[in-house]
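J.: Swiss-Prot lists these features:
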type	residues	note
ACT_SITE	D281	active site, proton acceptor
BINDING	V165, A166, K167, G168, A169, F170, G171, V172, V173, K189	ATP binding site
COMPBIAS	1-19	compositional bias 'Polar residues'
COMPBIAS	41-54	compositional bias 'Low complexity'
COMPBIAS	55-73	compositional bias 'Polar residues'
DOMAIN	159-435	domain 'Protein kinase'
REGION	1-90	region 'Disordered'
REGION	113-136	region 'Disordered'
Amino acid sequence: MGNSQPRNASRSRRTSQWPQGAAELGASASDHHYHQEELYQEQQQQQQQPQQEQPSSRRIQFQAHTNQPTQSHPPGDEEQPVQSQQQQLSTWSLGSLSGGRLNWSFSGARNSFRHRNKATRKSLTSLHGSRRGKTQWHRPLTNSIFNSHFKETSKNDLYRIDHLVAKGAFGVVFKVSSKSDISQCYALKVLKKSKLIEDNSVRQIKDEADIQKVCGHHPFIVKQIDLWQNRHNLHILSEYVPNGELFSKITHFSIDLVRLYIGEIALALDFLHNAGIIYRDAKPENILLTEQFHIKLTDFGLSKWLKLGANTRTMCGTFKYMAPEILCGEPYGHAVDWWALGVIACQMLTQKSPNIKRHLLRRRESVEPEDGLSNAPSIAQINGCLQDSDGDSEDFLPEEVQHLTHEGRDVLRKLLTIEPRQRIRSVMALQRIAIYKDYNLSSKQLLSLSPREIIARDGIRIYEDRHFDQLTNQCAIDAFLDF
């Protein structure tokens, strides 16, 4: 055809299978045989006709597969109108011109009549495991859901897993090291995408990534380094904080160490609040100790964007550290983080937690959709209960509080106030209480102090790191290895 050299009959005759959509076109097995013979006869006639050379281009004619045989225009006749040609060509798809030979196929056909050279045939048969026409599926939906924050890639060749650090509801945290420099260590949080989607936590994990990215430059907040995803998991790579969780290393605190740690946690919380973020998960497990024993906040899975002065109603957090207004199902704001800080301070000073009449502060089990009422008590009811109980309004504090210094009792009273509006809610307010008299509550000032020196001076015991057993560690690695 065109300018291509004539072939002999044995090479030019090809076997063509009828397209997959033949039923829709009204074709049958007999039609199929008829068209094979018709195509062969037309090809022989065209080879016998004199060829007309064109100096600048080749003339390519297509004939559509229809029930009525179509004839080529002899040289010199007028061509069909463009619209008619388009109707014929609409059934066919043009592949590519390779080595002066045309590759073309019937749209939707499983196998079709094709002119190909050897190289083209090899490349096409190797595509999709040598199955021509196999559908290229789009990326998994779970990838698209997280694509705005987590790029699709693999980091297996960059990091190696050292050991398991922590386990959670959605995944695990590993200590990993760089393969190019084993002295560079990181914390790798691996989360199951299926669990996040099942728990409707997609927006939550995206907020966590955004918040840690925005606030990670603060000296008392863990820095985020990288985010990525693969088919099954999300990965958050952060700086590694070597001395682990606060209470896993230290169980008894002097008043000077409490003053330092409460100040550092307060500065981190105040920074988050001023950035329009509520933390909602302040607890010892999320307070890590650096190599110099300064603190860093981690795990922003329950954090939320919330402007100062605004309220939210989501019931979340760890029960022991949840403020009364959360447990009562009332709207709450950033003051809940300061309550949690008070609970941590109470634990450091007395080794016990406050007891807020938990039989009254039970979780909401049901909320009526009509009026939003809850069976939990109100703040006013709690205050009334405390005032009617034996003793003073500090009845929920441990008895050991009575043996503390004035500074220790004062900081607990101001942080653990039932009424949120009367609670300490800023570093500025914290600076005015007795424990921070003549003390500069700033990041620069606190970083200039040495917790190690305070620990050594006050004879505070530091416990060794505790790791997961080998079986648990290996099971976690096997479950989350594909990073």
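The backbone N, Cα and C atoms fix where each Cβ goes, and this holds for glycine too.
Because the structure is a prediction, the values reported are computed rather than measured.
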J.: As a test of the contact definition, list every same-chain residue at least 6 positions from G171 (ATP binding site) whose Cβ is closer than 8 Å to its Cβ.
T.: K189, V190, L191, K192, K195, N233, L234, F480
J.: Looking only at the domain 'Protein kinase' (159-435), what is the model's average confidence as pLDDT?
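T.: Its mean pLDDT is 86.
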J.: In whole Å, how far is A169 (ATP binding site) from the residue listed as 'active site, proton acceptor' when you measure between their Cα atoms?
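T.: Per the Cα atoms, the residue listed as 'active site, proton acceptor' and A169 (ATP binding site) stand 15 Å apart.
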J.: Express in Å, rounded to the nearest integer, the largest CA to CA distance found among the ATP-binding residues V165, A166, K167, G168, A169, F170, G171, V172, V173, K189 named in the record.
T.: 14
J.: List nothing but the one residue from V165, A169, V173 whose Cβ has the fewest other Cβ atoms within 10 Å; the candidates are the binding-site residues.
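T.: With the binding-site residues V165, A169, V173, fewest surrounding Cβ atoms within 10 Å: A169.
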J.: Under DSSP, is K167 (ATP binding site) helix, strand or coil?
T.: strand
J.: Taking the Cβ of K167 (ATP binding site) as reference, which residues of that chain separated by at least 6 in sequence fall under 8 Å from it?
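T.: Residues satisfying the criterion: V173, F468, T472, A476.
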J.: With H, G and I counted as helix, E and B as strand and the rest as coil, say where DSSP puts V173 (ATP binding site).
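T.: SS state of V173 (ATP binding site) = strand.
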J.: If you draw a 10 Å sphere around the Cβ of D281 (active site, proton acceptor), how many other Cβ atoms fall inside it, taking every protein chain shown into account?
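T.: The Cβ of D281 (active site, proton acceptor) has 20 Cβ neighbours within 10 Å.
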